[in-house]
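**Q** After the structure tokens below, expect a handful of questions from me.
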Amino acid sequence: MWKWLHPYAKTERAYQLCQILQPWFWAGALLCLAVGTVWGLAFAPQDYQQGDSFRIIYIHVPSAILSMSTYVAMAVAAVVGLVWQWRTAFMAMIAMAPVGAVMTFIALFTGAAWGKPMWGAWWVWDARLTSELILLFLYLGVIALYGAFDDKLQGGKAAGVMALVGVVNVPIIHYSVEWWNTLHQGATISKFDKPSIAPEMLWPLLLNLLGFALFIAAVTVMRMRNEIILREMQRPWVKAMADKAEGDRHAV
Amino acid sequence: MRALYRGVLKRELALAFQHRAELVQPLMFMLMVVTLFPLGIGPGPETLQRIGPGVIWIAAILSSLLGMERLFREDFQDGSLEQLMLSGLPVSLIAAIKVFTHWLVSTGPLLIMSPLLAMFLNLTLDMYVALLLTLLLGTPLLSFVGAIAVGLTVGVQRGGILLALLLIPVFIPLLIFATSAVDSAALQLPYLPQLAIIGAMLLLAIAVSPFAIAYSLRVSQN
């Protein structure tokens, strides 16, 4: 059933797949982000309570949602790597880690900028802010662990185990912190049966969510290509590709 | 088979008691960290009672992090860990025994210190009982979960700070539940739910972490 997937355990096939996917991801990301952001920032109606400052939702919410899903994606990649012994899965995981960390940082930063006019403080020890901050720590831990190893295969496995320990902890952290303290407004768009957001505000948000997801995918794919080239420098196919690129450059 | 496990257990205990001075170090560290708080914040009995549970738990987490680094390091460096892994016994069980003995000799004694610390920070008897129960359930959890990261970083040069970076975020839920149990005790409220959650986390860790520790040791052993 999973047979079609197995060729991608080979770095060469994974590299080719990344190469094919990259332009599509970039095109989709730029299109969605451009339309969603302009629509959201310029044309969507004002919020009756928060005025124009609610518009930061179009950056804040997608980055917050995707910071968590990127962590889950890392954990899935780690499981694939640990179970089927795929080197490429660990490479994908490591490629995702800094992107997810940056998303977490964007969510925290925009949250702080939003919190200042709304709650009157840059930072409050609210449940969701705190769990987002802890998520950032988990990302940084995984990246630091990977960086500590000279043998990158070993480092990938170690980082994978740590990502899994983290993903078991994410729900526990979330609920423990929620119980501990709560001030953040409730989720706005997860209640799909009857969303508590007007549809003309929702559509640009969903577009931006998709755009952010495609953007993360595009950057991940680029980083993964780099990782593969760096790690497989001695392989004949990489050398052939480098020679070809060199030849093309001289041909012009 | 059982004789071999007993052998591993005896060896761990014998090794631990050969270095008695090292056994006392985490205790002294914890005592000193707790001493810093009244000096830094002020000796008001009510303030101390308010921050006491959190301070004791943070000190416990820090001192267990400090002691944990030694869990596999020496065995890794002199090669006896490799021999244990080649012995044919399940590595997960060996790891579980090692973690348990480590808890027994280096983190468990923190419980002995707890009455003194509770007195320093002006905790009431109810709060102290709750604190003791959370420490009893929580410190083995620290050891079992922490051992995974110790196994991963054992081959890394100067892994000490890295270990703390990896583990502190993972220990946050425990800190929250434990201090909330003690706070409930201070208000004469039931704190069984918090204890039950810590107990559930401990059982999950005991069931799953030996396999993760075994895998992480294999990764480090390469």
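Every residue, even glycine, has its Cβ placed from backbone N, Cα and C.
Heads up, here are the entries from TrEMBL:
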TRANSMEM  B:21-42  transmembrane segment
TRANSMEM  B:54-72  transmembrane segment
TRANSMEM  B:125-154  transmembrane segment
TRANSMEM  B:161-182  transmembrane segment
TRANSMEM  B:194-217  transmembrane segment
**Q** Is the number of Cβ-Cβ pairs under 8 Å between the transmembrane segment (B:194-217) and the transmembrane segment (B:125-154) three or more, considering only pairs separated by 6 or more positions?
**A** yes
**Q** Restricting to CB pairs under 8 Å, which listed stretch, B:21-42, B:125-154, B:161-182, is in contact most with the transmembrane segment (B:54-72)?
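**A** Answer, by Cβ pair count: B:125-154.
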**Q** At least three Cβ pairs under 8 Å linking the transmembrane segment (B:125-154) and the transmembrane segment (B:21-42), pairs spaced 6 or more in sequence?
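**A** These two segments do not touch.
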